[in-house]
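Report on one structure; see the data block that follows.
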Amino acid sequence: MTSTAPEKTVPGTTPATTAEVELSIGGMTCASCAARIEKKLNRMDGVSATVNFATEKAKVSYPAGVEVADLIATVVKTGYTAEEPPPPALESADQGGAQAAQAADPELLSLRQRLFVSLVLTVPVVLMAMVPALQFDNWQWLSLTLAAPVVVWGAFPFHRAAWTNARHGAATMDTLVSIGTLAALGWSVWALFFGHAGMPGMRHAFEFTVARTDGSSSIYLEAAAGVTTFILAGRYLEARSKRKAGAALRALLELGAKDVSVLRGGKEVRIPVAQLAVGDRFVVRPGEKIATDGTVVEGASAVDASMLTGESVPVDVTVGDSVTGATVNAGGRLVVEATRIGADTQLARMAKLVEDAQNGKAEVQRLADRISAVFVPVVIAIALGTLLTWLFVTGDPAAAFTAAVAVLIIACPCALGLATPTALMVGTGRGAQLGILIKGPEVLESTRRVDTVVLDKTGTVTTGRMQLMDVFTAPGEDEGELLRLAGALEHASEHPIAQAIAAGAVVGVSPLERSREWGRVGSLPIPENFENVAGLGVQGVVDGHAVLVGREQLLAEWVVELPQELADAKAAAEAEGRTAVAVAWDGKARGVLTVADAVKETSAEAITELRRLGLKPVLLTGDNQAVAASVARTVGIDEVIAEVLPQDKVDVIKRLQREGRTVAMVGDGVNDAAALATADLGLAMGTGTDAAIEAGDLTLVRGDLRVAADAIRLSRRTLTTIKGNLFWAFGYNVAALPLAAAGMLNPMIAGAAMAFSSVFVVTNSLRLRSFK
């Protein structure tokens, strides 16, 4: 898939354009392969490439004048295959997922076949070498018969890759394995045919360390076959684990519907989702997936978005509400008008964010890559040095050979290459399942350093919608009747405050105190002679009562005064930043209703969790100090910065940074985009605007502030896993190579250790799948 973007240029020069392409790379067997391809691509003029061994993808940025075919040709010349994958078609995601699984099966099947046959042949070879009682006359020739197919056929992928790399003047992990196993086999064949090892009655003692022996009577068939089998087992487990690591992304892509019922000429026509166009209207029946992002134009239902957001409670939707593709219609029949299709849908954008994050590289990974690039030549040099040293010190060619082979086999750059990408794949995939989208690996480092989290108020801490907060009645008045008459009149108005009062009248439950009920009104009566009095409120007749709802000035025009207790309640509510609405009928003030942007139920719990992570919360808003302070008290925030203009939010973030703080910003609006980009870590609420989501480093698909704490915990846990993996990979190689060179490890034991190191790193990364 390619995309074109403007490139930053020096003033006065002609603007150039760059394009991006993602290539699928074939033939890589270790981290050294990825490093070589990346190096070759980056040598091309104007080209910037990142190659990921774990995902087998190359993300390449190239200038005008360079074609994708040129990039592919460079990869091919390096000894590997490359192709440009087709753009993801979410409309056939289920088929695509199945095809992806089938496409990966041949590799796994081939490895499994080679592993099974090699294991069956290797077990008797190892047993005969380790147990003298099994060494009958001429047992060594049976051992050769069994071991030769393992080393030649079982290890053929290693030999082929080593030969291909050698033709291009390179050495990789396969070079080490190929040289080691073929050398062990070659030495054994020479000893059997031209030495004393082929004599009847020859006995062979298995040693865990290098032992001095007569070289012409020593064979290493168990080492050659054992190493091959161990490494095949490691590659097979590694391949399976890598597929598990990418399972979350594949599952995400497979969520989409395959076909859809479109309305054409008043009739339903079933078509593939690929043929759907913006503006088309389609039918979604109960239990069906919504084909693409759109707006409800007919019907009402509840939509289950748990597969995208992790939120288990279905969301009620009706005419005018937006719905997201791949969510499930859990209620009645809907007619939806498509607003976004293909790669523009929320599901496609989520998948792209996850994939981009998995293909990126953290700083720690770049260090590992640089080490992997020089690792193999260094190991070969160490092996040669070991061989010469042992020959010089002991004069024993067999011992020298054994130690050199152990050095070749125990080295493992694969563990270094897998340390970061596998953890990143699993971490970002698990994040996607929880509604957390990590834009890139560099984000992980930021989450570790953050000590302050700045929270935008509207839409982040609060719902962003006006709600009826409280009801105050004059003595002797009934709350239910007050709500019924005021709600009926307000229902006829389009004003947000009026709609909040009407909705509150129907619900009848305080959003502040869930245990407190005002009395459910149910259906509201229809008013007569309704009139909207500009700037003051509404008036009309409801059930024969002349009703007034609005400012105190509206009541004054009808010579109606608020009694002292209602005036005090109104003043107290306004002091806390709420909007107070007076209600009167038949010439008498009956009550006061207060409306405000309600705090989300989960915000207080989220603030507690953020504090537990060592973060200091700061509330940032353009609202007045009274409103901000009230919200802050409700959720438990001590530091409040209020009455800030949208353009000044960036200055606030910069001021906090100058104070030595590392700042995370959580926001959802267009006016938050610049601040999100300026902060050390930007967390964009997925319920917000595209501008905010684009500016954020982390996107929280759900509008629940608790997910912000989860996102930081997951990012920190992923970073910890990466560092643990790298510590093991570095530590293993630093400790293992000297042991092998010193003759303290048999080559077969070295092969088992090498295979285990890669499997350990991948398995450790897979632990992130259990993050909650």
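The backbone N, Cα and C atoms fix where each Cβ goes, and this holds for glycine too.
From a predicted model like this one, the values you see are computed outputs, not experimental measurements.
As given in TrEMBL:
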type	residues	note
DOMAIN	19-83	domain 'HMA'
TRANSMEM	115-133	transmembrane segment
TRANSMEM	139-156	transmembrane segment
TRANSMEM	176-199	transmembrane segment
TRANSMEM	219-237	transmembrane segment
TRANSMEM	371-393	transmembrane segment
TRANSMEM	399-420	transmembrane segment
TRANSMEM	725-742	transmembrane segment
TRANSMEM	748-766	transmembrane segment
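Proximity of distant same-chain residues to the transmembrane segment (219-237), defined by a Cβ-Cβ separation under 8 Å and at least 6 residues beyond the stretch ends, is recorded for 29, 108, 111-112, 114-115, 118-119, 121-122, 125-126, 128-130, 140, 143-144, 146-147, 150-151, 154-155, 158, 177, 180-182, 184-185, 187-188, 191-192, 197, 204, 206, 401-402, 405, 409, 746-748, 750-752, 754-756, 758-759, 762. The list of residues near the transmembrane segment (176-199) in space but at least 6 beyond its ends in sequence, with Cβ under 8 angstroms from a Cβ of it, reads 140-141, 144, 147-148, 151-152, 155, 158-159, 161-163, 214-221, 223-224, 227-228, 231, 376, 379-380, 401, 404-405, 408-409, 411, 747. Long-range neighbours of the transmembrane segment (139-156) within the same chain, counting only residues 6 or more positions beyond its ends whose Cβ lies under 8 Å from a Cβ of the stretch, are 114-115, 117-118, 121-122, 124-125, 128-129, 177-178, 181-182, 184-185, 188-189, 192, 197-198, 202, 204, 219, 221-222, 224-225, 228-229, 231-232.
Counting only same-chain residues 6+ beyond the ends of the transmembrane segment (371-393), those with a CB under 8 A from a CB of the stretch are 30-32, 34-36, 39, 171-173, 175-176, 179, 399-401, 403-405, 407-408, 411, 413, 416-417, 733, 737, 740-741, 743.
The domain 'HMA' (19-83) scores a mean pLDDT of 86 in the predicted structure.
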